[in-house]
Structure formats: structure tokens, C-alpha cells
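Per Swiss-Prot, the feature NADP(+) binding site maps to Gly24, Ala25, Thr26, Ser27, Gly28, Ile29, Gly30; the stated evidence is similarity to another entry. Here Swiss-Prot flags Ser149 as substrate binding site, drawing on similarity to another entry. The active site, proton acceptor annotation in Swiss-Prot covers Tyr175 and is backed by similarity to another entry.
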Amino acid sequence: MTVPTPRHGTPHGGLPGRTVLITGATSGIGRAAALAIARQGARVVLVGRDPERLRTVTNEVARTAGPAPDAFRADFAELRQVRELGERLRDRYPRIDVMAGNAGGMFWSRTTTQDGFEATLQVNHLAGFLLARLLRERLAGGRLILTSSDAYTQGRIDPDDLNGDRHRYSAGQAYGTSKQANIMTATEAARRWPDVLTVSYHPGEVRTRIGRGTVASTYFRFNPFLRSAAKGADTLVWLAAAPAEELTTGGYYSDRRLSPVSGPTADAGLAAKLWEASAAAVGDTAR
């Protein structure tokens, strides 16, 4: 599907003066993207969970690109905080040109949030899905960019069992399922929201803080063969700034190239069912 005529945030490329919202902005890909996008002249809006790291990145962006960015604290493991965040953002910004849904994590043992959802699914998919829907009117004519991963091939999406209660827990599979959900959400959003250019992307294997507090964190933080956060953020930054006519709404990108998806992830009917199940899960009846 090619993009329709609305502006989509940056019709001719570039970001000067645009409002760019980045979740998961306090470390890794989100931090790197915030710095790069601010350097292009955008008004960056940061969202993060940890107040100290949020202050640190706010100061880094200010030193790099001038005025301090706006910053909002929210823990995506609590949907109440996501709803409150949505209200604050709607009150503050009449338009959001780009929303980069980048918040994420991996939980090595099964964890249930106070909302009753498996934590990986909620933090990586449901919370961002809810926030995008809350900001739907502000995103009109803009872009929605969802961080995914080629780990989606390990996912097992079941709209009738979002929590995966029917299967033994696997951290890798839960992570893959959440990333699979983001690709499918982008596909379905492109169908339902034709005035929003919606894409997902694979950042590559990146050195990040994911898995902190576990043995695996050593792999993700210090493996010299993994990409830097800046390299991982490159496709996100490009998707935010590229001319709209160069992009395909609903597409999945890797290294600035459109990449085909396979298996159930490519099933449009399943994507529609996932959308409805996710909306029911977060208690949001808006279309």
C-alpha cells in the first residue's frame, strides 16, 4: 500500500520544527534517536520510566541541540500511568508529527503486571498501543514508528490468549511475541488510520540495558559484535525524517530497506483480530 496524500509529518524530508515523541528515550536506541533527531532541529518530547536517567538525557539533548526538550515520566508496566501520560500529551501538544514507540523490555521469568498482563507484552506492545490510540487525533497527518525485531519469528501471537497462559513461559518467545505484535499493529494501523503513516522496523542486535540484573545482561551490554545504540537507531531516525513518498505505510523496515515478513505475522486477518483483542485488553473502545 502506498502512502496517501496527507503531510505525514515530513512530506519533503527533514525534521526542523516538527514535534517528535519518543518513548523509552532514556537509554539505548531511544536515547540515541533523541540526540540524532534533536540535531535535525525537531522539538523532541522524551518519555521514560527512570526520573534520574530522564533528567540525564534531557540535559544531554539540551547540550547537543539547544533548548531542553520536554520530558514526561511514565512506567509502561502501569496502564494508569499511560492513560495519564496520554492526557498530559493531549493537553500540551495540538499536533504530534512523529511518535516513536520504542519503550520495551525483556523479563527472564514470568512477571504479571498489576493490570493482569504478562509484563513483556504490556511494556512492549499494549502500553504503546494504548498511547497511540489516545493520541490518535494528534497524530493525524503524522507518523507512527514502532520498534520491533527480527525476533518476531519466535513469537506466537494468539488474540484469544494474549498472555500466553496456554503455554509454558519462555522469555525469548514472550519477547518475540511482543515484537510480532508491533509489526502486526503497524500493518493494521495502516489500514484503519490512512492519514497516519505507520511503520515498524528492526534495529538489529544492539548493545542495550535489556535484561539488566541477569547474566544475559552481560551479553547485551558488552558483546563487541552487537551494534551500537546509534547504529540501532539509524533506521528509526531515517523513518522519522525521510520523504513520505519514499516509505510504504504498514511496512516493516531493516537497515533503511523494506523487509518482507513471513508466517502468521503476514496474516492481515490475524492482525485485525490482534487489534481488537489489544483494544479490549486495555479497555479502549475507540477505533
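Using N, Cα and C of the backbone, Cβ positions are placed for all residues, glycine too.
Counting in whole angstrom, Gly28 (NADP(+) binding site) lies 15 from Ser149 (substrate binding site) by their C-alpha atoms. Neighbours of Ser27 (NADP(+) binding site), defined as other CB atoms within 10 A of its CB across all chains, total 19. Of the recorded residues, Tyr175 (active site, proton acceptor) and Ser149 (substrate binding site) place their C-alpha atoms 9 Å from one another.
A straight line from the CA of Ala25 (NADP(+) binding site) to the CA of Ser149 (substrate binding site) spans 18 Å.
The number of other CB atoms found within 10 A of the CB of Tyr175 (active site, proton acceptor), across every protein chain shown, is 25.
Other than the site residues Gly24, Ala25, Thr26, Ser27, Gly28, Ile29, Gly30, same-chain residues with C-beta atoms no more than 8 angstroms from the centre of those residues' C-beta atoms, the NADP(+) site, are Ile22, Arg31, Ala32, Ala33, Ala34, Gly48, Val57, Asn102, Ala103, Ala229. You'll find the Cα of Ile29 (NADP(+) binding site) roughly 13 Å from the Cα of Ser149 (substrate binding site). Reduced to three states, the DSSP call for Tyr175 (active site, proton acceptor) is helix.
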